[in-house]
């Protein structure tokens, strides 16, 4: 199993429609339907999903609201948990002469501010990333359904990676607007000693000095940083889940228990950021995997519809001559 997972991590999931059909074993090298030698596709038993009782209808306002709530928990909790590390990182970037490294940064901060100093900026972090998670995950589901309806069933399947990229980019655009004010406040608290120690002190002071623009000066850099990351995060996760259920997990998702499904979610979250520096894999990989795990756990807890990985539509199979 682990060798299969490693293979998936190295594989490029971003394929054009024709290449995707070849990858799925449904088309020959020149775009012709696969002959008798094509590997058989595993049939999926959706009986379990059919009888499962959901708390709401897929695509309903309640569905989107609960997805947004899952985003609040997944981003708000995880980013707040790493506030001490984020504080030291920000101080290293602003004053590298004083904070020469991670361990030195922690040592200097503890010496000057005590243990409580490591928690500076936790309130704007929690509020800001909760709002970001609300928009990131909630709007992602909205845009994914919206763009899918615009493309139609067949094009949604063929261009599903592009759909994931477009939906996540659209969602992150609004998510960063929601995050920007609290992110700006957090940076002031963490990197300007003596400016303010709490959100209650910092926000009014910033507004009095610079007005609303003080809270949105960093939105463009946020877009430049977060939108590409989120596009890769969501597209890689979606395609990795699909690949895991197809090549690694020995049974369809509808036949997996809830804990088994959540394990796949966590593993897919890690594989999505596999390529990179080792330290970044540990930090960002764990953060991302925990976010997906919490988000999917909310879906499981509230019994939200969780469609299985995409299958080729019957109409497209007929066009390709795969069915009679």
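Glycine too: its Cβ is placed from the backbone N, Cα and C atoms.
Keep in mind it's a predicted model, so treat the numbers as computed, not measured.
Features as listed in TrEMBL:
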REPEAT    62-146  repeat 'Solcar'
REPEAT    159-243  repeat 'Solcar'
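Residue counts of the repeat 'Solcar' (159-243) by helix, strand and coil are 73 helix, 0 strand, 12 coil (DSSP-based). Per-residue confidence over the repeat 'Solcar' (159-243) averages 94 (mean pLDDT, predicted model).
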